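Straight from TrEMBL, the features:
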- 44-67: transmembrane segment (TRANSMEM)
- 73-93: transmembrane segment (TRANSMEM)
- 180-232: domain 'PAC' (DOMAIN)
- 232-306: domain 'PAS' (DOMAIN)
- 309-361: domain 'PAC' (DOMAIN)
- 389-522: domain 'GGDEF' (DOMAIN)
- 530-780: domain 'EAL' (DOMAIN)
Amino acid sequence: MPTSLTLKWRRALRRHGEDRSRQDQHFLALLLDAWSNRRPVGPFGFAVSVATGIGAGATGIALQMALRGPASAPFSVQVAVGATAGAIAMIVTRQRFAAQKARQAATTALASSFLDASRDCVKLLDLQGHMLRINDYGATLMEATSPVQLAGADWLGFWKGDDNDLATAAFRSALNGTPASFRGSCTTTTGQPKWWDSQLIPVKDHAGKVVAVVCASLDITSQTQLLQQLRAKSELMSEMEAHVKLVFFSYSANFEYFHYITAGSSNVFGVEPEEFMRNPHVWRDMVVPEDRAALHAEMARIMAESTEGRAQYRIRKTDGSVRWLRSTGYPVLDDKGNVLRIVGITEDVTVEQERIAELDRLAYTDSLTGLANRAALLREIESRCAAGRPFGLMFVDLDRFKVLNDTLGHLAADHLLRNVGSIIRRSLPGDAYVARLGGDEFAVLIGSVVDKAGLETQAKALLGGLSENRLQDSAGAFITASIGISIYPEHGSGHDALLSSADVAMYAAKKTGRNGYQFAGEEAARTIGDFELERDVPEALATNQFFLHFQTIHEPHSLAVHSAEALIRWQHPRRGKISPGDFIPLLEETGFVEDVGVWVLDNALRQLAAWRQAGSMNLGVSVNVSARQLGSEQIVREVDRALKQFGIPPGKLEIELTETALMKNPKQAQKSIVELKRLGVRIAIDDFGTGYSSLMYLADFEPHTLKIDRHFTSKIEHDPTTQTIVEGVIDLAHKLGIEVIAEGVEEAAQLEILRQVNCDYVQGYLLSMPQAPEGLITPA
């Protein structure tokens, strides 16, 4: 290299430092300048090749020129200038031009081999942008069958849209003598897009005129697609962080600082990521004091066990609002199993927690009164039992509520129950836990008063509260309650035992006259038998423990048997004969009366069929039907079935109904009575005169028979007023076309008076005791 050129090159190296592309461009300019100041000898050629061995993956320009030195002796110069990596190699040899020309073909072939070995797409463009030449690998990248396919092709035509603008600008810059570079996407010969990193270098003649442009392009399609995917994922994460309340983090193993935290922290915590990076303790300071211990314990467990952990806790944001968060941490371990850091995710679960709280409220709250429900009460009892501190339990049941519910209607009854719940809360200490078990049953837990005297005072206060508020039903009767009281641990160690004891005591209170209270224990022991009987009813039906006695009904003058009333009895295997007064109310209360009622109906008609077969064709039978039976739509179907099954004329069956049964559900009762009468069955009102709405029922239900209660019959002999009442009832009934039966006739004088006042039929111990059908004397 000539001295002046060498000095200039060294200055360029110092000026451009490690910027190889700038070095290459500057050296090319120096070389062309040196060439332009000498008279060329003969033609010169040029080629583009990879400067292998100079810089890995570098592309370059190989120039061969004929120059004349100071002694006018021609010499050859071969220069390789890196186009992408900036590697430069220069080989200058002096020979006689004639000898060098002989080797020119070999040098050109070597340059071509460098060009074809390049891993870049290297193209030589004319001044119009047509491809004069492209290396083999470049043709492959452009999906051409061979370089020949691209010869003369418009290079700019492969670029579209904005990329075409970039390519055109770079090409014009090279045409103007200034190297240029750009990145863009062009289509291959098959129309497939590829991304390139391209550099364009002008090639000038001895006069400095651009005669061609070299374009070296690096295929960066894979890298670009990867960057696009990463950018898309990054944008997606940014969008998610902007809308989803999630935070991804990397935390130091000693929990002292964050390695990384996402922008979602501003949504979740109300704190920017930069603040967490500066002061990592901000996070733990935001956790509400009540939740810090559990959170720290879980963090310590993750470290100790090197396993995944999760914590749910509350934070108080800078605006004062409280949010529920859930953090899940995963330990990152080194080769030795030591925790390097904790990575994880934190999410805002406030809405989820609010929904859980609402579901919990709905699951453990009575929708009608807003009080705790049965499930909540059981949970509270078990919690208090686990704590081991004594407490009292009151079982509160409204008196006569079933009747009130039927007469008032459901809306009014619901309003009444809400008022009762409020009264209970107001009447008891503030720490009293009040729950509605269902229907008209309430329960109260009292922890501040646990002795019998104190609980008795609270029970009186509750009853007094109901009395003072003077809640009334539609007939003006005041609402009262019966209360059963049990004490933990005296009467049980769990909710089953405590509630059962209080329930038994409550029933004992009802039996003593209602509107009172009773403690569990000896006072309520007799009620336990009721529960035992209740359990025994299904077995009694299955094993024929029930049986029927019949009491005959007579014509008062001839004493001829008119009919017989079926009366149920129970022969218990352990208790012996059980009084109907003991088990019939129990059947009514528990609902077994419907099953037992069907049994009575079937067996009464079966016996009547037997009597009729024996010759007593005129005999009838009466069967008592309870309020629950009358309120069921099954009663009519069962009666119709039984009559047909046993072949009994409907007129020989009389259904006896009490005024209480009629009052329970008047509308359903009237519907059932109409349908029974349509079958041809007779209807009798039993115990007439004991209710306050008796005359109304005569008009509404139009019975076939009235049965005067034994209360009046027993006084008719000695009380003129009672005699007048009985006579008036009989006279009224006859005017309405209703027959009358007087019950409880035990004295001959009573029978005589009933004859005088024209009573149709009589029934009582004077005439016949209830007895088994086998001993009943019937007319032939």
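Just so you know, glycine gets a Cβ as well, placed from its N, Cα and C.
With DSSP states grouped into helix (H, G, I), strand (E, B) and coil, the domain 'PAC' (309-361) comes out at 12 helix, 30 strand, 11 coil.
When averaged over the domain 'EAL' (530-780), pLDDT in the model lands at 88. The domain 'PAS' (232-306): residue composition by secondary structure is 45 helix, 12 strand, 18 coil, according to DSSP. Between the domain 'GGDEF' (389-522) and the domain 'PAC' (309-361), fewer than three CB pairs separated by 6 or more residues in sequence fall under 8 Å, so the two stretches do not touch. For the domain 'GGDEF' (389-522), the DSSP-based tally of helix, strand and coil residues reads 62 helix, 33 strand, 39 coil.
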